[in-house]
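TrEMBL has this to say about the protein:
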- 36-393: domain 'Acyltransferase 3' (DOMAIN)
- 42-62: transmembrane segment (TRANSMEM)
- 82-100: transmembrane segment (TRANSMEM)
- 132-152: transmembrane segment (TRANSMEM)
- 203-224: transmembrane segment (TRANSMEM)
- 323-341: transmembrane segment (TRANSMEM)
- 362-381: transmembrane segment (TRANSMEM)
- 408-430: transmembrane segment (TRANSMEM)
Amino acid sequence: MSATVGYLQAYAEKTKWKPSLGSKESAKQALQETSWADGLRGIAAVYVMFSHLTMAFARYIVRPADGEMGPQQWMQKPILRLVGQGQAWVACFIILSGFVNSLKAIKLIRQGNVEGALSNLAVSSFRRSFRLFLPATAATIISWFICQFGAYETARQSDAYWLYITSPQPSYSWGTAVEDLIKAIRNTWLFNPDNVYDQPQWALLYLLEGSMVCFTALLATANLTTRWRLATYTGCWFWSWNWGIRIGDPMVCPDIFAGIMLAELNHSDIPLALSQISPFFAPPMVIVSLVLMSFPSEFHTWASWCKFLLEWFNRVSPTNAELSRFWPTIGAQLLILTCVLSPHLRRALSHKHLLWLGKISFPLYLLHGSFMRSLFSWMLFARSKLVEMEERSRDQTYIVMRYPLPGYMTFFIATPIFFGALFTAAHYWANKVEPHFGMITKSAEDLMFAKKERPAVLPVRQERPD
């Protein structure tokens, strides 16, 4: 019998077998895991990339219909049109940032270890800056370097909208190029961020701001009871819809406070109490959240479901709430709330392939723009010739020379190669490049936190004997 038990234990460890969620004990086990956040982060990164592909090659998906109350194509319908809803998936990034950054600190606070929580916040806030700045700077340098050799010229002259508006020209000289690089790195971390070499980095400043808001809120409420902490976070969530606009992005603070409250919920007994009925409430909650996330950034009166949400926005929205991002933000918060409450959804998001996507999510976010403007553009427009096209800017119409969009067969051949190269590069970055950033962060932490004994800058003066 003991040999059989030992064999089963070894098999379970080898295959990473997990029990089904039929019992409350297995549900409790699933609710203790937080790897699902990595799976959802990976999905969000892929959808952000899809949104840029949509803006480049299928802009009709941005509209909810073909004309006001006109016919809808399949990809314009709710949920399906999420491939073009980049702002909704960026909201998921920010909510998950607030959730993950506050998990350990809240756990320590609930255990009464306030001192340990404060120490954790100090270290986490320090590491967060490095973990965002170092990879982003490296990606900018790579993009800048290949741009100087004309790698983006094909994309810049194409008729793919997102490609030609995000593809910079090479600098006039290498001296000017160095100045442009420094400006791009600096502008990534200024208000109204604008990195000409990697446009998706506009969100990094707000991720950093959100992290600092998260750490500050936890620091200010560390000594409060759980009830009063939640009351404070709830009040800040409502209030931040108004003053959040002052930091340049009105949705950062509501998402961060939602993430903190979800971390509190994660450490409570509520998810376990609802685990047995989660198969009944989770699916409709996910559907509602995805529909809300599908709300378009413009053309709000072109479809009946959009007009319905527009009417409700006018009734319930706080002051200064941004219409184009209000419902996608609420939908993202509802989606992650469902994940926190449902052990079944957590288990689904913890699949090994989704965890792999989560591992490469940040490299994928940083690299996909450069690959789209270079390799993908070369393959798509290699056989194209420049033709005259009309473009309108306000009240003016002028003629430009652009490469026309290729046919479906070219997309069919080029797209798998593009995805294969991009995901391979992201995997290599996560496994070979990212550890070096971790080492730099650790060295800076040891230096600035005085974790290693270092020799004095000046030698100690020795008293000379008389």
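Each residue, glycine too, has its Cβ placed from N, Cα and C.
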What stretch of 132-152, 203-224, 408-430 shows the most Cβ pairs under 8 Å to the transmembrane segment (82-100)?
203-224
Check the transmembrane segment (362-381) against the transmembrane segment (203-224) for contact, please; criterion is three or more CB pairs under 8 Å, pairs 6 or more apart in sequence.
no
Residues of the parent chain within Cβ reach of the transmembrane segment (203-224), under 8 Å, 6 or more residues beyond its termini:
90, 93-94, 97-98, 101-102, 105-106, 109, 114, 117-118, 121, 124-125, 128-129, 132, 136, 188-191, 193, 232-233, 236, 247-249, 252-253, 255-257, 259-260
Average pLDDT across the domain 'Acyltransferase 3' (36-393)?
92
Beyond the flanks of the transmembrane segment (42-62) by at least 6 residues, Cβ under 8 Å
73, 75-76, 81-86, 89-90, 92-93, 96, 160-163, 200, 296-299, 349, 354-362, 364-365, 368-369, 372, 405, 411
